Structures are given as structure tokens and as C-alpha cells.
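J.: Before I ask anything, here is the structure I am working with.
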Amino acid sequence: MGNLCCCVQVDQSTVAIREQFGKFDSVLEPGCHCMPWFAGKRVAGHLTLRLQQLDVRCETKTKDNVFVNVVASIQYRALADKASDAFYKLSNTRSQIQAYVFDVIRASVPKLHLDDAFEQKDEIARAVEEELEKAMSAYGFEIVQTLIRGHRTRGEHVKRAMSEINAAARLRAAANEKAEAEKIVQIKRAEGEAEAKYLSGLGIARQRQAIVDGLRDSVLGFSVNVPGTTAKDVMDMVLITQYFDTMKEIGASSKASSVFIPHGPGAVRDIATQIRDGLLQGSSVTQH
């Protein structure tokens, strides 16, 4: 009916290509246009300006000889000011884009190992987009965006191997962390033991010094109050008194174990001599 009335309608987001006697005449914008068919003018076809998407699945091989399927999504559209080029210069736009995608992916992925191919998806997408933009702009098309949606390995054994590699790496990292933690605990424990032994040694040294000072004061006080006694006599008496006090404490304690020691005047004298010699040696070492 439109042809009979010499009128033609062009829908929104679409342009029409008008020819006259088989030669390109003009690009018709959306709306109603006069089309005098008797003058040899006709609509050769329509070209959509909407954004289109083409999913390209390309199988290739990585540097470590693993076959993968790379899925690339190409978003493109025709340019209104180059509608004649987009309509006449390409007979099959989707096949042309697919050929360029195959060329770039099969030139890029074989240079990468499998793990790198997964990590460098953005770089592969950028390379595909640059190549398409350079090639398709001459045909009146704009490449809006290129996405690499993922890689799929061919074969379940490859997936299992990759999972095992990741699991082994995580276990190795966990073992290192555990070893570091145990190392820190052992170091801290050793530092604590060293500090405790140091403080214990200081306590023992101070205890011995206090005992020596107490015995010296006792000897001096006894010598002053009891004329005629020597320091040896006073020391023997003090040591024997301490010996019996110790025996008393052992016997009075409910949790004390049985202690068998020689008992008698001669044994007490030997014990006193041993204790006195030990204390005097300890005092001499402390003073030095």
C-alpha cells in the first residue's frame, strides 16, 4: 500500500537505504518518506542502529598444552552517519566479527599458561576489542564493548588436576603458618623459662645472702652477751638449733614424706660441719 501511495515508513532506531535505478541514493531516517517508484527509487533494505551482541565460542590451546573453550561476547552497532558502508561493504557482519575474534584469541591464548589465561581475561578482551575496532570502523560499525566471559577446560581430569594443585598450595600455606605459630610459641616459652630461671637464681642468691647476714648478726650478738665463746661455738649452736627446727617442721607437716637421716651426737656434729662449710663457701662466693 505504501508503494502504491509512493510513501514508505521507517521505524525508530532503524534507517532505510534508498536506491535510484539500482544506485545508492540516500539514507532515510525514522519517519515517513516519499518514494516515487515511477522515478526508479526504491528501498534496498533496512539497517538497525540498536546495540547487538554476538557470542563467539573459540577453542584453542594454552602454552602448557591444555585445550580450552574461550567464550567472547561482542557488543556492536552500526553508525548512522556510515549506514551506507555498513549496508553495502559487508555481506555478513556476524561472520566477519567472528573471524577477527578467532584470529586474536588464537594468537593470544597459546602464549599463556592455563592459570595466566584465567587471570588475564581483561587483557585478552582488550586485544580483541582493539583489533575489532580497527577493522570494523572501516565498515561503518562501532565496537561498544568486548567481554571474555570465561574459559572452560576440555576434560574433567584437567579440572581435577587444577583443584588438586590449588588444594596442595593452600595446604602448604597452612603448614607454613602452623609452623611459624609453633615456632613463636616455643620461642616465647624458652624466653619465659630463661626469665624464670634468672629470677629464681636472684631469689636463691638473695636468700643465701640473708641467711649469711642473719648468722653473722647472731654470732656477733651471742659473743657480746656470753663472754668467752668463740665464733665457732656460736655457729655450731645456731646450726644445731636450725637442724632441730627443720626436723620439727618436717614432723609437724601432714603432707611431709618420711625422711631417714643419721641421728646422734657424732652425726649432728658432722651435719653442722657440712652446713657451716657450705654456708661459708656460699658467703665467700657472694662477696666475690
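A Cβ is built for glycine as well, from the same backbone N, Cα and C atoms used for every other residue.
Keep in mind that this is a model prediction, so the values were computed, not measured.
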J.: In TrEMBL, which of 158-191, 226-259 is tagged coiled coil?
T.: 158-191
J.: Who are the chain neighbours of the coiled coil (158-191) in space, where the CB to CB distance is under 8 Å and they lie at least 6 residues beyond its ends?
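T.: 66, 114.
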